[in-house]
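Q: Got a structure here, written out as structure tokens. Questions coming.
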Amino acid sequence: MSGNNIKVVCRFRPQNSLEIKEGGQPIIDIDDEGTQVSLKGKDFQGSFAFDKVFGMHTPQADVFDYSIKSTVNEILSGYNGTVFAYGQTGSGKTYSMMGSDIDDEKSKGIIPRIVGQIFDSILAAPSNLEFTVKVSYMEIYMEKVRDLLNPSHDNLAIHEDKTKGVYVKDLLEVYVGSTDEVYEVMRRGSNNRVVAYTNMNAESSRSHSIVVMTITQKNMDTGAAKSGKLYLVDLAGSEKVGKTGASGQTLEEAKKINKSLTALGMVINSLTDGKSSHVPYRDSKLTRILQESLGGNSRTTLIINCSPSSYNEAETLSTLRFGMRAKSIKNKAKVNADLSPAELKALLKRVKSETVTFQTYISALEGEVNVWRTGGSVPEDRWVTMEKISKGDFSALPPAPGFKSPVSEDSRPATPAIVLEKDERDELLKRENELMDQIAEKETELANREKLLESLKEEMTYYKDQEQLVTKENQQMTAELTDLRLQLQKISYESKENAITVDSLKESNQELMTELDELKRTLAETRMAHKDAVNDEKEKKKAEKMAQMMSGFDPSGEINEKERQIRDALNKLDGDSTGSLSIEELVSLRRDLAESKVLLEQHTKTIEDLTYERDALGKKKIDLEGRLSNLESEYEELLDKTIAEEEAQVQKNVDIAETISTLKGKLESQYNAKREMQQREIEELKRELDRKNESHQKISNALADLKTANDQLQVALSEQPSDNQSELSEREKDLERMRKTMANQLAEFEVMKKALMRDLQQRCEKVVELEMSLDETREQYNSVLRASNNKAQQKKMAFLERNLEQLTNVQKQLVEQNASLKKEVAVAERKLIARNERIQSLESLLQDAQEKLISQNQKFEAQLQAIRERLDQARSQKSQNSMAALNFGRIAKPLRGGGVAVVENGDSPTSPTSRDKRGSWISGFMGSRS
Ligand SMILES: Nc1ncnc2c1ncn2[C@@H]1O[C@H](COP(=O)(O)OP(=O)(O)OP(=O)(O)O)[C@@H](O)[C@H]1O
């Protein structure tokens, strides 16, 4: 085990915009060999030597090739390795470690290049070597170790044991088979990192990130195995709070960052000052994890990142000094190898011989002790020493009874005991470390448990509060429910009572209805009787009126008279056959006759007109009759309605004066309209009657004229000499014809007269009827008017009538009262039953409510319990799920040297194509998960 110094390389980035803005100037100068940098600052001027110094424009590839490349080979040889970047915030640590784009060949940083080289080396290795590569990714944020591949694990414990050394417990390790898979894991982890904006860096890392790659190789021929662990650390930036403008959470982060960096400084100081016996690795999580990397079993490279600018002179100086101190740290890197069976056999043999030597030594010592104890003495030259035992010089030992020479049994011991003592001490120290780790772990666990307990208690209090609230609410609601139920009961009870009242009211209503029916019947009978009487009276009146009217203008007498006169004149003519009718007289007679004819025609026409008018009048009469019947039915309806309303009014004791008044108004207006219409019709009829009378008068006048003409004709005929016989006979003939014509005309006239008279009589009848119906309607209207107007009076009357009725039917009433009392008793009994029922239902309700309350409480308790159980389940599931997220990476992916992948269950190797396929499956999976 030889000591090896930490390799320190220094890298300067170009000035950034802030530095340029602030007027910063480059103040560094790198020598030609690239191992020394001179700082020409205001406050400091001097130079620092490192393993390598990279200038502002050094490409990423150069930094890797000149400083890191060799580390990869060491890892593959079974050494542990560490590369970590240190520097102020914004100095380019992340840029150096990860690069600005891991997929870009030019700008990708050290980590992707290392990964690439690892897989390249595996491909180039001999095929009897089998490799497995595991990756884990964590960050130390606010002094807590977070698994970036399983962020729910945010406070992991750090352990140490003999074989593993220092390690983070429960950190997820993902098996990877290609560069792409490693990149995918990196991307996934990077997404979970904590970054924030500061004045110095828009995406400042607020945590120390650590990628751990474990590469195991096995020689398939010998069975020997080696494993190397590579820590790739991107530290959070050391920063001056004032410059970064950190505040709030960022300020808190800065404090923690500075604290862990101070611890790192302290570790480096105590490792390098040559005085300290204790190295304070346990002062921070960072130093604890990097324990092996700083002064332990690791080949470590430190990249110190600096700003070249005068603006950051102080920070650059501090970083350079840090690097200088770190440079003198000595590590003790060794190959982590598992021995092959042959090597193990040799080792066993050696250990066995050592055991024999020790046993011999112990026996010799015991022998010597016995000599001393038994009072004997051993000369100094024969004292037992390890040297003598080792040499096998048993003769020089004291003769002790218990001592047996091992020479005959086994070969000489080989290893001096002093080596074993040192190992023992180492072991003890390791054991102590382990125990300390366990204590620390237990403490963290205890703290976690306490926290959990605290949160559970809080939760418990919350649930208890909730329970109380819910119980209160429940009680309130139960009270409300009970109230409502009581109300419901009350209402149902009241409704029952009301139903009973309604029943009794219905009964009384029924009685009233029968009474009403009786009354209606009586009314109808009275009405019928009244109607009959009225009809009789009407008939009488009609007859009287007709007689009166017809007496005024009966033309039959006149016409008969005229007819008689004409007949007389004709008879006279017949009798006086030798009549002396002059020609002039005859001519005038003829003319008169002609005129009479015209008149007759006129009259006929008039009669036709009259017939037509009569028809029209008949129609009108039918119309009027229809209307009258309508009016009557309306009146009936109204009467019924009024009676019904009055009855309703009596039942409900509601004042419907308004309704009656509107009804009255309506009735009045309807009646007025009808009356006016009828009046108009009657007037029209009267006018027509007058016209008819006039025309009748005219006809009578014409008849009178005719009569006079006839008279004149008669006179002329009587004065006519009877000398011309032939002429006479002719005239006779003419006269005969005339007479016949006249007779015909008279007969026609007679018929016409009769029809006319009939028509006239009918019209008169109609007029009389109309007048009478008008009177009737008027009377009805008046009665309705009276009915509506004198309601109060009517009421009074009804009341008086009822009183009278009551008085007259006292006995009947008493019987009725008795019956009603019986009914009331029945009602009261029903009410009593209903009340009893209500009391019973109330009691059962109360019991129900109590039972429900108890069951609800039980239910609630059960729910609460279930919630608690579910919460516990959810908690345990959550931790399981997060573990399951990257389960695919838990399967080892052995890779054979020379690019041959190994199928895990069988030994048949698969082609590189199939390995690529697995890689694409992984990235697809990761992509789908992100
Ligand atoms: N050598 C370089 N060449 C070009 N640009 C660089 C170089 N180094 C750093 N940068 C740029 O400077 C900025 C800050 O760099 P980076 O984030 O790597 O700083 P950091 O030290 O990781 O900061 P923090 O500690 O705050 O996380 C980035 O934009 C980065 O691209």
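Heads up, the Cβ atoms here are built off N, Cα and C, so glycines get one too.
For 5-329, the entry in TrEMBL reads domain 'Kinesin motor'. Sequence annotations record features per position, and here TrEMBL assigns ATP binding site to G87, Q88, T89, G90, S91, G92, K93, T94. Sequence annotations record features per position, and here TrEMBL assigns coiled coil to 425-536, 614-748, 790-877. Look at TrEMBL and you will find 561-596 tagged as domain 'EF-hand'. Per TrEMBL, region 'Disordered' is recorded for 899-930.
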Q: Around T94 (ATP binding site), how many other CB atoms lie within 10 A of its CB?
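A: 25, counting other Cβ atoms within 10 Å of T94 (ATP binding site).
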Q: For S91 (ATP binding site), which of the three DSSP-derived states applies: helix, strand, or coil?
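A: The residue in question, S91 (ATP binding site), is coil (DSSP, three-state).
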Q: For S91 (ATP binding site), just count the other CB atoms lying within 10 A of its CB, please.
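A: A count of 29.
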Q: How many other Cβ atoms are found within 10 Å of the Cβ atom of K93 (ATP binding site), counting all protein chains shown?
A: 29
Q: What is the Cβ neighbour count of Q88 (ATP binding site) at a 10 Å cut-off, with all protein chains included?
A: 25
Q: So what's the mean pLDDT when you look at the coiled coil (425-536)?
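A: 83, rounded to a whole number.
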Q: On a count of neighbouring CB atoms within 10 A, which of the binding-site residues G87, G92 is highest?
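A: By the 10 Å Cβ neighbour count, G87 comes out on top.
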Q: Just going by other Cβ atoms within 10 Å, which of the binding-site residues T89, G90 has the emptiest spot?
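A: Across T89, G90, these binding-site residues, the one with fewest Cβ atoms within 10 Å is T89.
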